[in-house]
Structures are given as structure tokens and as C-alpha cells.
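For reference, Swiss-Prot has these:
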BINDING   7, 8, 9, 10, 11, 12, 75, 76, 77, 102, 103, 104, 105  NAD(+) binding site
ACT_SITE  132  active site, proton donor/acceptor
BINDING   133, 142, 143  (S)-2,3,4,5-tetrahydrodipicolinate binding site
ACT_SITE  136  active site, proton donor
């Protein structure tokens, strides 16, 4: 399988280039970065692209690869539901290409989201703290937003978080994502980390995941690359590729 990388000279992109080159069953076909022409992908007969670029350019990248029948595995951040709906419309109009967009490709992060969803209905309170390097473009992270959505779905019909706060500085209680408080930390020395804190009478539960370096994303990305040709249309998250039942 011929695999290209968009954002190939970035920190995550360079990690993906090395991973593809090291995989015996994959061929690195093209590395594309800012200033390069996307036609490099078609000229190199790329079959699947890995996109770790920037929210400002990822939609243009996806339009190009979908129009050219190239599958896409996307780890770029900043996907709103409006953007996801737009990508879904594009792939429906061009059924030859499949797209997988994931807020996080680290297997441990995906499992932590799954565990949080399972725990959500058993606790009165829940809050999320996500911690990343200071160069991250979006806040809260896509992983935190996805986690909050999964928790909110699991807590349907339950009372909201108890919170007697009546005065305070704007933002002190975090962002409200589907009724779940989410707190974002940006700090030099961090990579990608998340804590989900649950509380109820007499006990708390903390689910924490840490990506210590960017190679933590490699197994999930390569799994998606190898599976994407068997998927149809748009897939959000790598959960469908894992046996989480």
C-alpha cells in the first residue's frame, strides 16, 4: 500500500513518515508540507494519506484527496461537527474514497474514553482536565470534547453535576462541553495528557492517560491505514477498528 504524509516535516508528521518507512507492508510514497503542491500525491500514486497538518488547511487537503479517490487517515485537530458533516457530504458524493478522523490515535487514550463512558452513570460528578504542549492550536482538545460527549450520552436522564458556585471569575469553572466541565492546561514540557475525574458519596475515580511522546500515536494510525480501504464513507474515531464490546 502506497502511503503519503501531509504535514511530513512537522513533529507528528515526521514520526509518521518514519513509521511508514519502517513498516514492511507499507511504502512511503510522498511527503507533503506547507508550500508543496498536493499533486505530489497523485503523481506518486498515493493510495492513503495520513494528515497531521493544521485546522486552517485540513479541509482543503481533504477535498483534494477525496476528489482524487485517495483514502485519508486524519489526526489534525479542530474538527467541529459542522466540519465533520461537510466531510461526510464530500465522501458521499465521491464513494471511491474513505476518510477516518480521530481525535486521538493512542490506543490508551481510546480505551480511557471507553472506560469513562462505562463509569459515567455511576457517579454524581465528573470533570475533565486535558493538558498539552503550548503549541497546540485548539482548546479544549478534540479528545476532551469527544470524551465529554460520550460521558454526556451515558448520563442522559441523570441530574447535572452538583455545583453551588454562584460567583467567580469567567472561565474559572472551565468550558462547558455538553454539560461537562472541561479544563485546558497548556504547559511547556507536556505532550498530551488527560484526566477524567469522577466523584460520588465517599469515593472518587480518576482515569488518566499520558502520551509521553508522539510515537504513542503510531500503532493506532497504522491500524487505520491498513483497515481504511475496508471502511465506507466517513468514520470518526478508531473505536470501530478495536474489539471493545
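In case you wondered, yes, glycine gets a Cβ from its N, Cα and C as well.
Keep in mind the model is a prediction, meaning the values are calculated, not measured.
Features as recorded by Swiss-Prot, highlighted on the structure.
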residue : record                                          : DSSP (3 states)
7       : NAD(+) binding site                             : coil
75      : NAD(+) binding site                             : coil
132     : active site, proton donor/acceptor              : strand
142     : (S)-2,3,4,5-tetrahydrodipicolinate binding site : helix
Cβ neighbours of the residue listed as 'active site, proton donor' where a neighbour is any other Cβ within 10 Å: 16
Rounded distance in angstrom between the Cα atoms of residue 133 ((S)-2,3,4,5-tetrahydrodipicolinate binding site) and residue 77 (NAD(+) binding site): 14
Whole-number Å value for how far residue 136 (active site, proton donor) lies from residue 9 (NAD(+) binding site) (Cα to Cα): 16
Neighbour count (Cβ, 10 Å) for residue 142 ((S)-2,3,4,5-tetrahydrodipicolinate binding site): 19
(S)-2,3,4,5-tetrahydrodipicolinate site, defined by 133, 142, 143: further same-chain residues with Cβ within 8 Å of the Cβ centre: 77, 103, 104, 130, 132, 136, 138, 141, 144, 192, 194
Integer Å distance between the CA atoms belonging to residue 143 ((S)-2,3,4,5-tetrahydrodipicolinate binding site) and residue 77 (NAD(+) binding site): 9
Between residue 105 (NAD(+) binding site) and residue 143 ((S)-2,3,4,5-tetrahydrodipicolinate binding site), the C-alpha gap once rounded to whole angstrom: 10
Of the binding-site residues listed as 75, 103, 143, the one whose CA lies nearest the CA of the residue listed as 'active site, proton donor/acceptor': 143
Top Cα neighbour of residue 143 ((S)-2,3,4,5-tetrahydrodipicolinate binding site) in the set of recorded positions 7, 11, 75, 103, 136: 103
Under 8 Å by Cβ from residue 7 (NAD(+) binding site), counting only residues of that chain that are 6 or more apart: 13, 32, 33, 51, 52, 53, 54, 76
Shortest C-alpha distance to residue 142 ((S)-2,3,4,5-tetrahydrodipicolinate binding site) - which of the recorded positions 11, 75, 103, 136: 103
